[in-house]
Amino acid sequence: MKSQLLSLAVAVSTISQGVVGQEPFGWPFKPMVTQDDLQNKIKLKDIMAGVEKLQSFSDAHPEKNRVFGGNGHKDTVEWIYNELKATGYYNVKKQEQVHLWSHAEAALSANGKDLKASAMSYSPPANKIMAELVVAKNNGCNATDYPENTQGKIVLIQRGVCSFGEKSSQAGDAKAIGAVVYNNVPGSLAGTLGGLDKRHVPTAGLSQEDGKNLASLVASGKVDVTMNVVSLFENRTTWNVIAETKGGDHNNVVMLGAHSDSVDAGPGINDNGSGSIGIMTVAKALTNFKLNNAVRFAWWTAEEFGLLGSTFYVDSLDDRELHKVKLYLNFDMIGSPNFANQIYDGDGSAYNMTGPAGSAEIEYLFEKFFDDQGLPHQPTAFTGRSDYSAFIKRNVPAGGLFTGAEVVKTPEQVKLFGGEAGVAYDKNYHGKGDTVANINKGAIFLNTRAIAYSVAEYARSLKGFPTRPKTGKRAVNPQYAKMPGGGCGHHTVFM
């Protein structure tokens, strides 16, 4: 007994002096993390308290949102930072950056009939321009897609294959004075041009139904369009929050993230307060355990304006530092009211878009989580249009979960997941109604447990996980530019 007490005293003394790496106080006496134990620490009351806190940050300011650089988002960043710092378990930092904020509104009419349009962020302004409408072939991604008489006209373009910014640029190169992009799936269309570009023309988004109707009208006669776009621009200082466990192997980092900002229209509690609080809840639960591999949590800023925060972070890492990140997990909208359990298609089997080596294994891990509980799931297109984009471009394996946005649920999906057919996964997507009341408690609880399941697995061991290649390409078939699922973090950001 005496020798055991002496050993204990030496261990405590050594830890208190900070000799054992960066490990937090009490680390040797914590149990090793397991999937079951970490999942059991996840409580719905903690999750809901978190999303209610984010709602309060939005409610506290006249803007009623948490858009990057605004007061609601500043409160969000400070709270996340302070909550993690207080655990003593993490090294926490705020990564400062400056990005251009843009807010735009559009009004559109065709042959005197008003249409419901959304201006693309970073669109050039348009002061009630009036012109004949022409239709681009294919998806408007190439110069040959534009009619010879495009000059001086407004051009109608179908969504898909290339980014909104590229479509706007191609329209500008063809001498169009405006562009209208319509959806290739049911529902309205909102998005961003990704930044300012002198090639861009005033650009608005339109629903699939309205876009098809306009194309039919052009085919049978002349259509005159009036377009008005009001755009505001402002440089804003903002921050990512990065928290890495003090313990664990820092040369084998398991990384996961969620964007912490909202759109201008509302508080963004599902998009993406759900993902932000999901990983926050897991981060707090993880403090009860020790682990073998370091875990790094990230809350990204300015995702809604073109993945700006995550791109800034990845660009700040040289190859040596990024190689320490063995995989990246992304969680964007995990509490949709009319949800479906969707897993990024890392192996490309559903959409012919593969992630870097290891992405398939991440997909299989999440499939196992649902399968073990007898729960249905489906793939969602792994297009690289969320905060994992910058990671896969540098060959970091990636994956994650998503419960749906503006795309409507089918009768077949209702048989799997319940809910209501013909209604969007999240009817309040990118709207003022995206509040705490918009959250499906069952979905957010289940998906947060899935986050815990994956973190525990990889924090314990990366044995058998594929070695990352030095170079790699993701196979992309343009026919799959039409994506089910939709939403922030999938295909509305750019395409």
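Keep in mind that glycine also has a Cβ here, set from the backbone N, Cα and C atoms.
Since we're looking at a predicted model, the values are computed, not measured.
Annotated signal peptide per Swiss-Prot: 1-21, in sequence order, evidence recorded as sequence analysis.
If you look up Swiss-Prot, you'll see Asn142 (among others) marked as N-linked glycosylation site, on the strength of sequence analysis. Taking Cβ-Cβ distances under 8 Å and a sequence gap of 6 or more within the same chain, the neighbours of Asn142 (N-linked glycosylation site) are Gln170.
Sequence annotations record features per position, and here Swiss-Prot assigns N-linked glycosylation site to Asn235 (among others). Classification of Asn235 (N-linked glycosylation site) by DSSP places it within a strand.
Annotation comment: Swiss-Prot describes Asp271, Glu304, His430 as Zn(2+) 2 binding site, evidence class similarity to another entry.
Among the features that Swiss-Prot reports, N-linked glycosylation site is placed at Asn272 (among others), with the record citing sequence analysis. In the three-state DSSP assignment, the secondary structure recorded for Asn272 (N-linked glycosylation site) is helix.
Glu303 (active site, proton acceptor): 28 other CB atoms within 10 A of its CB, across all protein chains. For Glu303, the entry in Swiss-Prot reads active site, proton acceptor.
Taken from Swiss-Prot, the feature N-linked glycosylation site applies to Asn352 (among others), supported by sequence analysis. If you draw a 10 Å sphere around the CB of Asn352 (N-linked glycosylation site), it holds 16 other CB atoms from the protein chains shown.
For Asn235 (N-linked glycosylation site) paired with Glu304 (Zn(2+) 2 binding site), the C-alpha to C-alpha distance reads 15 Å. Between the C-alpha atoms of Asn272 (N-linked glycosylation site) and Glu303 (active site, proton acceptor), the distance comes to 10 Å.
By the criterion of other Cβ atoms within 10 Å of the residue's own Cβ, the least surrounded of the glycosylation sites Asn235, Asn272 is Asn235.
A count of other CB atoms within 10 A of each Cβ picks out Asp271 as the most crowded of the binding-site residues Asp271, Glu304.
Cα separation, Glu303 (active site, proton acceptor) to Asp271 (Zn(2+) 2 binding site), rounded: 10 Å. All protein chains considered, the CB of His430 (Zn(2+) 2 binding site) has 24 other CB atoms within 10 Å.
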